[in-house]
Amino acid sequence: MKVRSSVFASFILILEVLGVALFLRGFFPVPVKSSLSSKNKLSDLPPEPLTGGSSNTSGAPKPLFKRVVVMLVDALREDFVFGPNGPMFLPYTRHVIERGSSLSFVAKARPPTVTMPRIKALTTGSIPGFIDVVMNLNSPALSEDNLIWQAKTAGKKIIFYGDDTWVRLFPKHFMEHDGTTSFFVSDYTEVDNNVTRHLDSTLKRDDWDILILHYLGLDHIGHISGPHSSLIQPKLLEMDDILKKIHGSLVSKEADGSLPYLLVLCGDHGMSETGSHGGSSEPEINTPLVLISPIFKRKAEMEKPGVVEQVDLTPTLALGLGLPISQNSVGHVIPGVLEESSLREQLRFLHLNGHQLSCLLKDSTPEYQKEAGFEQFRVAEKAHGGWMKLYLEGNTSEVLTNMGKKVLKQYLEALAAMSSALSKQLGKYDMYSMIAGMVFVFQLLLVLLLAMPEALSGSASVDLPVLSSLLSLPFYLLCLFLASVHVLVCTSAESSCYFCSLSWGLVFAAVAFSSAMFCILISLARRRLPDGSQFHGKSSQSSSGGEWMLSELDVLLLAGTVGHTLSLAASSFVEEEHQTWYFLLNTLCLTVFQDVCRKYFREQRDEEEQIILSKKSQTFSHSGSEMCSEKWLALATPPFTLLCCRLLRSLNQTGVQWAHLPDVGHWLNSSEHKVILSLLSAFCLVLIYLLVQRRCSWVSKVALAFGLVGVYSYRAAVGNVLFPWQHSSRTTSKGTVEARFVYVFVLGILFSGTKDLLRSQIITADSKLKSRGLWEIYSGLVLLVSLLFRAHNLPVLCCCLLIQTLMAQFIWKKLHYDAAQTTIMHYWFGQAFFYFQGNSNNIATVDISVGFVGLESYVEAPAVFLTALSTYAGPLLWACHLVCYLSSERDRSPVAVGHGCYCLALLRSVPAAAYIVLVTVLRYHLFIWSVFSPKLLYESMHLLLTAGVCLFFITMEQTQPKSDFQ
């Protein structure tokens, strides 16, 4: 069965996307949850343990607090409060911490440090997984047991103002609420004013028990300008004034004999040095937790804050309000909150927390009895029963007190051990789905590799032995074997498997396909073995004998791609992957420079002869001078590319180890250098126009010029750059009008290019018109990216276009590099420019502020599209340039597009497949959550991007008239 190479590569790539999806379904674990569908109730609480008798109480102890106010400041870093700048940022708060009745802690948030998972952690006490990053965009109602549900069931009246994520998670739980959109990061003023405007009237009322305030302005400032922005201090002073107002109101309403209040100041997550969040760096996971109440001892001086887990706040608030602890909570109560309670009450609180954790441990761990924490809790519970017996008998000796303190210590050790065990067990892996997805992807990759010689041959087709494989005996034996394995796994699995929940029709199709792929693999391998010794690789210039020889460039491209894939086995190489691509790109430039020197200096004699002939004939004088200038431009292109790459490396610090170091981008964004940034931006926009407009129609040229003027106007409106007549950098608008002005021209250019492309394919069959249409679509994409890029990142786009122009004009075309080599170079450049933008394999480097350029409010679809486009602008621009370049080269072979599609599919498949195998092997290592999980998401996104580009290749090749290839 013969299949065209482009169709074959795209078909394999799409199937690999399905295999990766199956693997991700098993890799992202189900959070640790109780098997009980019901929620905890007061009536379900265990009685106090009592040796040799029945207890006289079975309910929860009396609440510690009458009212609770939770002031949650989004992206509040612990150094903003406890650091050296704390007295300047939050003077009243620091005074209360140092001299007031308060408890201070550094609460550690578990990654992913994104708002919605952190809210779930604070209310349920559980640890969400990375899959909640996707759910963060559209949060469904929270159905599992949580603190808000428990409070509402107990008759507590709850008021909420702030991030509307709470309203989506708890739609019918608040007596009164007013939500604000959390994703519109351009707004950092009104988003907080909408919360504070309710405060005066609410604090005067007495008809509520719990008040929750979620302020977003600080997080938005971080996304816009980072943690060292001049806007940070005014915003923190505003938060400090609000806390002072709340504290003063609570103190004034405190009555003698009534239960005290509790004021909680906390953050859901921190903020990285670039102002974003989502990863696991110290500034992102360390958040302040300040508990203010007259029940606590007054301090004499500043004390070093203790360290707790963020999920510890959930059982603390539940017991403090006299509520049952959420059944999925993995936190343990903060001991300092209980210090002023009686010894019996403290033991009762710890016993309730221990009982809840032990029940969760039973449900989530088959061998729970072997856990040290579980055994410690049983010992402490037994000792507690003995203490209760003596206590109820009226024993008041010091021995009883010492015994109680010993039991208290045993409880605390048991709680810490069980909480740690549950936290380490982040979830239950669906190993069956992971292994099935891994085998599926690995089979497809091997088929792709074995079919490479045929796919890149002159016929541009692959002969797959499909029919012979389906009619062979091993195929049916494999089907029976895999079906029996499936039945065995699904009937004996202790936990539910996604693959087992599929219908038998889908399972049989998957089994048959996997068996067929295995048989095809064997047939392809047998076909390659006899002539394997004759296969040496493909040169840049095909030999007449049909043998393939590897050139030096081929060796570099092959070794670099394989070496990069192998480097993904180390977490440090994943964290600093940009260093790998920078090294490979520099080596590539040196190798290309060697090819250029070899070409022009070896041909120098022929060139001199041509110049001598040109002196005899005036006709050739012009071509001789052109060849001379072309020679020097070709020689200058690789060193110039090296220079550009070195400058771009200094523009944005990325990775993990050195991300905190200052870079040129921070220098340009400082207020003192705004004039320099303005001049640089204007120069880059002019150069972008000169580089892009050459292949566009005059209508698109005019639209591109106006669009780039609009880009500068937008940046001036939001305060990034200045116009010559401006003397103040004061922001007067959000740039909505200017951004929409640019969108109009983007749509106009895309429409013009699409029209020319359709005309060339349907009506006129004009290859020039088709090429112009592709380049116009590319120019529209460049205009959109220039709008989304921050002002200091415009040199990245400018250098990208400049390198593409020089390489296409003087390297790829003049040195006669084939489609496969050109594709791999585009892939390398695209990966390097992904990191030149300032991206990394850390979710925190995703700039979500670009998703709201030109939007007045949060609209999910365009926000997600713009954020993804800005994040992957580097790989996307180079992939689109590859499409345009291969399609415009009419002197290439008719299989050029097929070669490009095939190589692109292979390049994206190898690291994805290797990464899946790696993560399956390392599934028990905890560090894969903070390092490998974001990388898996990036690999999946890149795979989807490549699938789209390959489908576009197929469409273009299948509809291309045959005359264009002749």
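Cβ atoms are placed via backbone N, Cα and C, with glycine included.
Automatic prediction, not curation, is the source of TrEMBL annotations.
Taken from TrEMBL, the feature transmembrane segment covers 7-28 (among others).
Annotation source TrEMBL lists region 'Disordered' at 34-58.
TrEMBL lists 34-45 with the feature compositional bias 'Low complexity'.
Annotated transmembrane segment per TrEMBL: 431-452 (among others), in sequence order.
Residues or ranges marked as transmembrane segment by TrEMBL: 464-489 (among others). If one looks beyond the transmembrane segment (464-489) by at least 6 residues along the same chain, the residues whose Cβ comes under 8 Å of a Cβ in the stretch are 1-3, 8, 432, 451, 497, 499-500, 507-508, 511-512, 514-516, 518-520, 522-524, 527.
Counting only same-chain residues 6+ beyond the ends of the transmembrane segment (501-525), those with a CB under 8 A from a CB of the stretch are 436, 439-440, 443-444, 446-447, 450-451, 464-466, 468-470, 472, 474-475, 478-479, 482-483, 486. Feature annotation from TrEMBL assigns transmembrane segment to 501-525 (among others).
The feature domain 'GPI ethanolamine phosphate transferase 2 C-terminal' is assigned by TrEMBL to 554-939. Looking only at the domain 'GPI ethanolamine phosphate transferase 2 C-terminal' (554-939), the predicted model's pLDDT averages out at 80.
Using a Cβ-Cβ cut-off under 8 Å and counting only residues 6 or more beyond its ends in the same chain, the transmembrane segment (675-692) has close neighbours at 668-669, 704-705, 708, 711-712, 715-716, 720-723, 778-779, 782-783, 786, 791-792, 794-795, 797-798, 801-802, 805. Summarising the annotation, TrEMBL assigns transmembrane segment to 675-692 (among others).
Taken from TrEMBL, the feature transmembrane segment applies to 704-725 (among others). Here the transmembrane segment (704-725) has long-range neighbours at 186, 669, 674-675, 677-678, 681-682, 685-686, 688-689, 692-693, 696, 731-735, 737-739, 741-742, 745-746, 749, 779, 783, 786-787, 790-791, 853, meaning same-chain residues at least 6 beyond its ends whose C-beta is under 8 angstroms from one of its own.
Marked as transmembrane segment by TrEMBL: 737-753 (among others). Using a Cβ-Cβ cut-off under 8 Å and counting only residues 6 or more beyond its ends in the same chain, the transmembrane segment (737-753) has close neighbours at 696-697, 699-700, 703-704, 706-707, 710-711, 713-714, 717, 772-781, 783-784, 787, 853-854.
Under the heading transmembrane segment, TrEMBL lists 863-888 (among others).
Under the heading transmembrane segment, TrEMBL lists 900-924 (among others).
Per TrEMBL, the feature transmembrane segment maps to 936-956 (among others).
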